[in-house]
Amino acid sequence: MGEHPSPGPAVAACAEAERIEELEPEAEERPPAAPEDFDPGNTGYISTCKFRSLLESQSSKLDPHKREVLLALADSHADGQICYQDFVNLMSNKRSNSFRQAILQGNRRLCSKALLEEKGLNFSQRLIRHVAYETLPREIDRKWYYDSYTCCPPPWFMITVTLLEVAFFLYNGVSLDQFVLQVTHPRYLKNSLVYHPQLRAQAWRYLTYIFMHAGIEHLGLNVVLQLLVGVPLEMVHGATRIALVYVAGVVAGSLAVSVADMTAPVVGSSGGVYALVSAHLANIVMNWSGMKCQFKLLRMAVALICMSMEFGRAVWLRFHPSAYPPCPHPSFVAHLGGVAVGITLGVVILRNYEQRLQDQSLWWIFVAMYTVFVLFAVFWNIFAYTLLDIKLPPPP
């Protein structure tokens, strides 16, 4: 058998009608055996007997988890033949329908011990295992993630966003000479990043408002939530998916304010944070029996308490007498927009590890709903303020 990387268990127990996307190969691999060795007639199939003999002769060179998966694949083919390409895909670390069939139809159950029972792990291995148990509901996916995660790339998106938010907060704190309840400072809204209803034609404000926070108490809760929840999620699901949920929540938050709280400005990253946290919590609830994270009920309670505290602070601030009337303090509606994104788009994106979004009907339904909402909000911003004769506060 040629040399090849020894990745972890190449299996995902996924829904029957859905195809799993393959992971990016880390290096070019040779098939474990040439086709002519086991398929002299060039039919594209090999017999299960020859397949088993190969596994037995090479068992010492195979990862034990992968060997079990290959045996499950052999057991799933009652006709005595295995597609050679399926075999190559398995050995090349590709997650395809072969994996799904091996688990759903195989007569052999994967019986290796749970990842949680493995001993002698170093700190980084324990951390990766902890992240797997925090975010993934199926043991086979947890093993796949544990064995294949390389920390390359690292969770750069959430870390970068957090560092930028802290940097802008410190800059504003020094400029305004105020760190607590910065939003009460008369010059606070003059910043070009804040969403202000009078300046809603400046489209960048619907996104850049995340870099402005009402004060250190606002920033602190958001940073804690997005690091504790966002970083593990990004380690598992990748920067693209997490960025999609986060940015969708941010945009939905500012648009929701422009529709439901038309005279108020918006600051803070709560829309994106609430999208991530609500998607994660909803995923835990829907997969409650499979989630093996410790103290999951207590963790959910703590997360909900933190979210409630932050939301309560936002509601109190919104109706607190403004330091610069007639403009009110920032709106709390962005939080609700983030939650709506989290329990729709977010749940679909985080539901199955490494699953193709394009193959999920719910994905397209929620994308269509989100697109309709965005278009509605855009037209609302263009026409509704004039038609309803809304009296807006003067520009800052």
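Here the Cβ of each residue, glycine as well, is placed from N, Cα and C on the backbone.
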Out of 166-185, 266-285, which range is noted as transmembrane segment by TrEMBL? 266-285
What residue among the active-site residues S270, H335 has the most other CB atoms lying within 10 A of its CB? S270
So, does the transmembrane segment (206-231) come close enough to the transmembrane segment (266-285) to give 3+ Cβ pairs below 8 Å, pairs being at least 6 apart in sequence? yes
Using a Cβ-Cβ cut-off of under 8 Å, list the residues of the same chain that are 6+ residues beyond the ends of the transmembrane segment (362-388) and lie near it. 197, 200, 248, 251-252, 255-256, 258-259, 262, 341, 344-345, 348-349
